[in-house]
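Undergrad: For reference, the structure I am asking about is given below.
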């Protein structure tokens, strides 16, 4: 439902054109009925702002219909993806397919978050790189930042001065001083240079198009401090700024097409990367309203585009959206019927030329324009003087025409000219290559020269990413050649042009893997023969990735590709159909249920939202499937309209899909009528997988109607039969009997009850077969293997936990856990195992797992430093985690993220501490809305002994607008229960009278840690409230100093906050301090403990804690020498046996930078051996431990292997647990010495 906008006067100005009506009035509208409500809504919300053009800027709107101010509102809804920090800055993420599952690429952000904490480092970046494809809106976004700052809407508190530079213009200057550079970056002087430079941390430099000029921005004088008035070459000045030898505290925003910035900015520090992905769905539509001054024209144009999924997808790129609008506007002006059948950007450009360039200029003047464009591309020039134009043979009349039609622009600040957009210049350059080559003056030599020029300009690795190369592929396709011949009234030599394509492919393919760039080129070409031939050559041998442990043999033919946008999705799905080595297309990898991935498949990953438009273009491309036989959409939540579009595609005559997976897609009985319509049609579908969907009896009956149709070709149907009634199951069996080719299979077979106690394997199998025959279940096959556990419900799959250790898990223990406490759940599991005779079989789970209907579900560490965890609950039910004491009741499969928070981060900003007492941990929980019906938040108040009312318990929510106190639905021992919760940082507090704080009984825990140093034992003893975030903080702190926890029972009695306790023990123990206060301190604060020096622990010792006031014993523990586990497992021998691998230091660089928490002891051990005095002090001078480690690794580039071995030995001595953890995660072997 749309929210009603606030009644306020809009400050949005509106463009007017030649007496056209004002867009803010609706009195005289005469538009199509379909779009009237939508347009009126946009007008009320102020979503149709004015758009202006500023001379000399890459703004893609016709000058005659727009004013010359306020560019800011044009691209406010560009999709921005903040990437995770690259592991190797010199080899940024390439969009090529691989055999392993890719790591998640980042998350979507708003423009306000560009200089917010980075998702990888949690630091505010000094350098932000805006990257993206050609024409995606990077430059406009950069100008938006400058304008929004100037108007006080963005970063006003962060920066005092913001300077904007177009690098294409900056490259025209030979030498500049810092003062001249700053003056050039301001529209008007704002302050004296001395005042500006006095606060460099408040300066932002925006460098637009940093990769356009042919320069290398090296820091030539890193040690030289230059005066701001001293002039030097521009590239040197910029290199010094980016290299931090000048104004090291300043901030930078760079825009670039390429991610390989290290090539021409060698001193570039680690940036925050943000990729511009183009327009969101609503912004595509809004653009039409911005472009056309006449609202009816806007509606008509967008309706035409919206009816064509390919054209709508192409409009995701702002530059292409401008191209489409311009073509439609020209057709309107010329009185033509609106028609755009273009399927590619190249075809749109040819259409644009045919509509805008008069016939008299096409033969000679357009060729001259193409030569000008090509010369500029090869020399990295985008600005041209009048003499440049004359040199290419462009006359005044032609230049005036090109300016009038918008092909060329004249710069207001100079006498220079430029193309309306860099992409347009690259398109003309591509035409120039073909026209020159087609003259056949030099034959193959000319082709070699063109290809070598392309390689020199873009590099082999980025050749297919270059728009010029993509345009070449498009122009040399059959439709492209026809368009050029018609445009230039000439005949092009097809064979010669085809040779040029093969030259490009041969030159580049050996140097790069199959990537999205190549697919883009092939898509532009659209030639079926070329697509088939090239895609056939891409087979290669795929090696299983590190995450492919479950099906190592079967998944060697699985390839993975990340597609972030609808454009990439369209290109990938179009080309993959010609790839004969892929039989199945899968969108977003989901762990499969009950079937093996046998067919060769391509898995497409997408971290950005999948919209209706995304599904539309996917299904549009699948109407002609060619080599594809299977489609797997498992794990994607599908709306009804999406399934409707899918079924329309499946019924299309050209669609030859045979297998469809819709496992866990949120389907209900309502969807079954759509699927039944496919079964009743002459579709090619033979296998359908519908497990883990709530279809119900009614839905399955609809499917049965489709299955009864004589034209139905389905032979295999997978369903969950456990929730179906006996009547429907009988109906399915009857269908199988009547149709011998039909097999209906199920994961669960609950009606099969076999007493398996004291039966051997043969007896179990025999009994199962007999029972199936007796129940008439013969057609239904029980899918199981020799590795499964066969029991009352048939085969139970054994899950591989660790292949190297031969560790397996049997998770299928069915326990109703609703309203059960931790102890009840564990007891129920034990009882069930005893009753089933499963005593020898251990359920492999830990206290960190969530225990639910099918046993333990592992918790995944997302970000260790932030204490951020993720658990994927596989089905509806109740789940409890013993270590955190969190408890969720969920209605369906859901992924939940849990972050441990510190109360001090939030409470310091509120008066809550005076009236309320913290009585539980603080969690930041994220889950899909509606999936969690109840959450049990732990508290440590003893209800049986407290006089506090359960009405005094509150759940504190910390939200953007402030804090909210919510009354829980229920309070029970150890938990408060919220039903249908909304999530934010949340935890339990208790309303109190301040004087009563020390009379609240709480449950507490004791934590004991030990460290053995040369056979002398030191213990640390803590007494703290039962709060998992505090325990985790203590664990982490003790681990820094190589202390290991010993598990001992907690105090039996309830204790009181503020009470004091005496620590004592056996004779000859040195205890400091001997008195402990039980207090609640936030997990970020220092926790109180007693240090106990034992000496040589040859025999057992006793520890006791007594209440100081009454000297009552509240806790006692006996420590034996056997409680002290060996410090480290075998490492040395593993290292001796290791082959020649990457050194431990290099292999674990990222983890060491993030996790070495005490650098100075490490430096002390390296001092004099590896580090000289200067290097030692240089590392110590860094502010943070992470910066110190980065500096140390920077110095290590010149180290020999022997020096790295010394580093490894020092690290083992100072951080043995970290070394151990890294070795275990890497398989136990990493060459260090």
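Each residue, glycine too, has its Cβ placed from N, Cα and C.
Straight out of Swiss-Prot:
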- 1-22: region 'Disordered' (REGION)
- 126-435: domain 'NACHT' (DOMAIN)
- 132, 133, 134, 135, 136, 137, 138, 139: ATP binding site (BINDING)
- 627-647: repeat 'LRR 1' (REPEAT)
- 684-704: repeat 'LRR 2' (REPEAT)
- 850-1133: domain 'FIIND' (DOMAIN)
- 850-983: region 'ZU5' (REGION)
- 1143-1226: domain 'CARD' (DOMAIN)
Undergrad: Pull the DSSP breakdown for the region 'ZU5' (850-983) and write it out as helix, strand, coil residue counts.
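TA: Taking each residue of the region 'ZU5' (850-983) in turn, the totals are 14 helix, 72 strand, 48 coil.
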Undergrad: How about long-range neighbours of the repeat 'LRR 1' (627-647): same chain, 6 or more residues beyond its ends, C-beta under 8 Å?
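TA: Non-local partners: 576-580, 582-590, 592-593, 599, 601, 610, 612, 615-616, 619, 656-667, 670-671, 674-675, 677-678, 689.
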Undergrad: Other than its close neighbours in sequence, what residues sit by the repeat 'LRR 2' (684-704), given a CB gap under 8 Å and a spacing of at least six beyond its ends?
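TA: The answer is 593-595, 634, 650, 655-673, 675-676, 678, 713-720, 723-725, 727-728, 731-732, 735, 746-747, 875, 893.
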Undergrad: Starting from the Cβ centroid of 132, 133, 134, 135, 136, 137, 138, 139, the recorded ATP site, name every other residue in that chain with its Cβ within 8 Å, sequence order please.
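TA: Those within range, site residues removed, are 257, 276, 278, 317, 318, 319.
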Undergrad: Using a 10 Å cut-off on Cβ-Cβ distances across all protein chains shown, tell me which of the binding-site residues (133, 134, 136) has the largest neighbour count.
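TA: It comes out as 136.
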Undergrad: What are the non-local neighbours of residue 138 (ATP binding site), defined as same-chain residues 6+ apart in sequence with CB under 8 A from its CB?
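TA: Result: 130, 131, 132, 208, 255, 256, 257, 276.
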Undergrad: DSSP on the repeat 'LRR 2' (684-704): how many residues come out helix, how many strand, how many coil?
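TA: Across the repeat 'LRR 2' (684-704), DSSP assigns the residues as follows: 9 helix, 4 strand, 8 coil.
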Undergrad: Could you find out if DSSP has residue 132 (ATP binding site) as helix, strand or coil?
TA: coil
Undergrad: Taking the Cβ of residue 132 (ATP binding site) as the centre, count every other Cβ atom within 10 Å, in any protein chain shown.
TA: 23
Undergrad: Do you know the mean pLDDT across the domain 'FIIND' (850-1133)?
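TA: A mean pLDDT of 85 is what the predicted model shows over the domain 'FIIND' (850-1133).
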Undergrad: Quiz question: given the binding-site residues 135, 137, which has the greatest number of C-beta atoms lying within 10 angstroms of its own C-beta?
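TA: Ranked by Cβ atoms within 10 Å, first place goes to 137.
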Undergrad: Would you count the other CB atoms within 10 A of the CB of residue 139 (ATP binding site), including those on all shown protein chains?
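TA: If we count other Cβ atoms within 10 Å of residue 139 (ATP binding site), we arrive at 21.
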Undergrad: Does DSSP put residue 138 (ATP binding site) in a helix, in a strand, or in coil?
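TA: In the DSSP reduction, residue 138 (ATP binding site) maps to helix.
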